[in-house]
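J.: Below is one structure. I have some questions about it.
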Amino acid sequence: MKLSLVAAVLLLLLGTARAEEEDKKEDVGTVVGIDLGTTYSCVGVFKNGRVEIIANDQGNRITPSYVAFTPEGERLIGDAAKNQLTSNPENTVFDAKRLIGRTWNDPSVQQDIKFLPFKVVEKKTKPYIQVDVGGGQTKTFAPEEISAMVLTKMKETAEAYLGKKVTHAVVTVPAYFNDAQRQATKDAGTIAGLNVMRIINEPTAAAIAYGLDKREGEKNILVFDLGGGTFDVSLLTIDNGVFEVVATNGDTHLGGEDFDQRVMEHFIKLYKKKTGKDVRKDNRAVQKLRREVEKAKRALSSQHQARIEIESFYEGEDFSETLTRAKFEELNMDLFRSTMKPVQKVLEDSDLKKSDIDEIVLVGGSTRIPKIQQLVKEFFNGKEPSRGINPDEAVAYGAAVQAGVLSGDQDTGDLVLLDVCPLTLGIETVGGVMTKLIPRNTVVPTKKSQIFSTASDNQPTVTIKVYEGERPLTKDNHLLGTFDLTGIPPAPRGVPQIEVTFEIDVNGILRVTAEDKGTGNKNKITITNDQNRLTPEEIERMVNDAEKFAEEDKKLKERIDTRNELESYAYSLKNQIGDKEKLGGKLSSEDKETMEKAVEEKIEWLESHQDADIEDFKAKKKELEEIVQPIISKLYGSAGPPPTSEEEAADKDEL
């Protein structure tokens, strides 16, 4: 049965793909694959038959998912933002992925707020981020907007490498992300000016990276993906380019950040015990500790102890402690062990024994932790995990392959992806019972219908409440959305026939329809979780804001560039006037004095007018040129000014 279902789904998929191609034929250009991570993001492209992971402007292949706003009003994204976290913690935003698609009341949001250095406020039952964007201006951003800024950075990284505009992308999400989180991620893409052609699950993308070139018959692959903020386990069968997800499980709130947090809390307590001082009051000190703890954690993957040294940590005092691997493991042992539960669950759901697993693929930076590797190995009775792929880049690699498929690249071969919905979907029926329509681990895309009726006589309206989760009662599950079907003709209870249809698309996003079979009256809802989801108007406003930000960034850069040009020119002249071997030795004392005075004047003006606008900087440079050039022309006759002044200075970027 299962095989024929798969074959049918395959035919359906290939059929729809072809039909879509016939319909579309639009040129989507180069489609990029983006791994939008909690702590780091990565972008890849399928080019000339292979995947290229693209380095950012700092030369790094992964980019911190950080956005910062400086007091001068500059917006920094990526490495530059992360590097100034300790000096500007209140306005440096990270971990947006832990807030995206969640409600304000979500216990995990409430837990996170305690440890985030920036302000998180409630707006329309959602967590919004409040920062000072410079010039004493406060602004609130939805988590989608912060994620959009990171996506924009990845888009620009790809554009710089490709030398052309990028408009279409495949973006990855944790397999265990629910409907609201997937929709919100798609919205973030829209705000960043990207058409997100497909949302794919991270472990599935990693499996593509692992199995793209494996052609030796059917294999069972277990992907264990533990990143900075989320954890997924997926079990797939790979068979000559067909990747079928059999089961998936995980925790969308478990990762390296939680391990860091445990260590930080340990040291904060220790410091209080030793000095009586509570560091938590000082945001900067806590962020300095965060930075050093993360460094120490990485070091402990290859050594048994690491020193944590922080100069002027708190109230001028230094911090110096040792963290051993054993202590790190002890502080996190319950979290490490909890990663085995989803592994067990996935095996149960797919009716497989441990010995049936052919390969274990470790993905995500946190799988470098020796204890995690040891626990996985012990769970699988000593079986060594596969070491063939880069845990940081595998997800973006797989996304880039899928992007290649969607852009019609012939070199990707016959790649077919069959993914599943991670959670059971259903509706509430009398007594608050969860009536399941689509069980978890059903292959998507899928469509299921069921007939329901009214609960009381002459009931004119039925309210359809859509839930996801595994518990028998809806109160224990997650409400996705609600809608009404009205205009039901008066009839005794149980007589009207109401057909409810659930349809999940390839992105794992759900659409629900209800139809009164008697009247043909229909109502539908794309589950966009109205309280949770941005409205089209909000998205449009955010798109405009994002464009405005890009414009402001450009203006700011232009202002800095013109300021630097004036500064370089002035200092270049100052150095030449002072050099007796060069210009200084050739000028008459009168001309020298005129030039020195003009140069000093401009340097002083610069020091007191850091915030002047572009026109002012240009005007001051012109004034200086008008004084200097006649003197230099006189000196050199008609040979023109010496080449080492303005032209050379203007060509050099100041550091």
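Glycine is no exception: its Cβ is also placed from the backbone N, Cα and C atoms.
Checked Swiss-Prot, it gives:
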| type | residues | note |
| --- | --- | --- |
| BINDING | 37-40, Lys97, 228-230, 294-301, 365-368 | ATP binding site |
| CROSSLNK | Lys354 | SUMO1 cross-link |
| MOD_RES | Tyr161 | 3'-nitrotyrosine |
| MOD_RES | Arg493 | omega-N-methylarginine |
| MOD_RES | Lys586 | N6,N6,N6-trimethyllysine |
| MOD_RES | Lys586 | N6-methyllysine |
| MOD_RES | Lys592 | N6-methyllysine |
| REGION | 1-81 | region 'Required for interaction with ELAPOR1' |
| REGION | 126-281 | region 'Nucleotide-binding (NBD)' |
| REGION | 410-420 | region 'Interdomain linker' |
| REGION | 421-501 | region 'Substrate-binding (SBD)' |
| REGION | 635-655 | region 'Disordered' |
| SIGNAL | 1-19 | signal peptide |
J.: Report, in whole Å, the straight Cα-to-Cα distance of Gly229 (ATP binding site) from Arg493 (omega-N-methylarginine).
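T.: With the alpha carbons as reference points, the distance is 49 Å.
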J.: How do the residues of the region 'Substrate-binding (SBD)' (421-501) split into helix, strand and coil according to DSSP?
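T.: Helix, strand, coil within the region 'Substrate-binding (SBD)' (421-501): 3 helix, 40 strand, 38 coil.
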J.: What parts of the chain pack near the region 'Interdomain linker' (410-420), using Cβ distances under 8 Å and only residues at least 6 beyond its ends?
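T.: 6, 9-10, 13-14, 46, 48-50, 200-201, 204, 208, 212, 241-248, 401-402, 404, 440-444, 506, 508.
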J.: Between the Cα atoms of Tyr40 (ATP binding site) and the residue listed as 'SUMO1 cross-link', what distance do you get, rounded to the nearest Å?
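T.: Cα-Cα distance, Tyr40 (ATP binding site) to the residue listed as 'SUMO1 cross-link': 32 Å.
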J.: Using a 10 Å cut-off, grab the number of neighbouring Cβ atoms around the Cβ of Thr367 (ATP binding site), all chains included.
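T.: Its Cβ shell of radius 10 Å holds 20 other Cβ atoms.
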J.: How many helix, strand and coil residues does the region 'Interdomain linker' (410-420) contain under DSSP?
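T.: Across the region 'Interdomain linker' (410-420), DSSP assigns the residues as follows: 3 helix, 5 strand, 3 coil.
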J.: Take every residue in the region 'Substrate-binding (SBD)' (421-501), average their pLDDT values, and give the whole-number result.
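T.: Here the mean pLDDT over the region 'Substrate-binding (SBD)' (421-501) amounts to 89.
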J.: Between the Cα atoms of Ser301 (ATP binding site) and Lys592 (N6-methyllysine), find the distance and write it as a whole number of Å.
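T.: Here the two Cα atoms lie 62 Å apart.
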J.: Any idea what DSSP makes of Tyr40 (ATP binding site), helix, strand or coil?
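T.: Note: Tyr40 (ATP binding site) is in a strand by DSSP.
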J.: Here's one to test understanding: among the recorded positions Gly37, Tyr161, Gly229, Lys295, Lys586, whose C-alpha is closest in space to the C-alpha of Lys354 (SUMO1 cross-link)?
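T.: Comparing Cα positions, the closest of these recorded positions turns out to be Gly229.
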J.: Closest to Lys592 (N6-methyllysine): which of the binding-site residues Gly37, Lys295, Arg298, Thr367, going by Cα position?
T.: Lys295
J.: Spatially speaking, which of the binding-site residues Gly37, Gly229, Lys295, Arg298, Thr367 is closest to Lys586 (N6,N6,N6-trimethyllysine)? Use C-alpha to C-alpha, please.
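T.: Nearest by Cα distance to Lys586 (N6,N6,N6-trimethyllysine): Lys295.
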J.: So if I draw a 10 Å sphere around the Cβ of Gly229 (ATP binding site), how many other Cβ atoms end up inside it?
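T.: 25, counting other Cβ atoms within 10 Å of Gly229 (ATP binding site).
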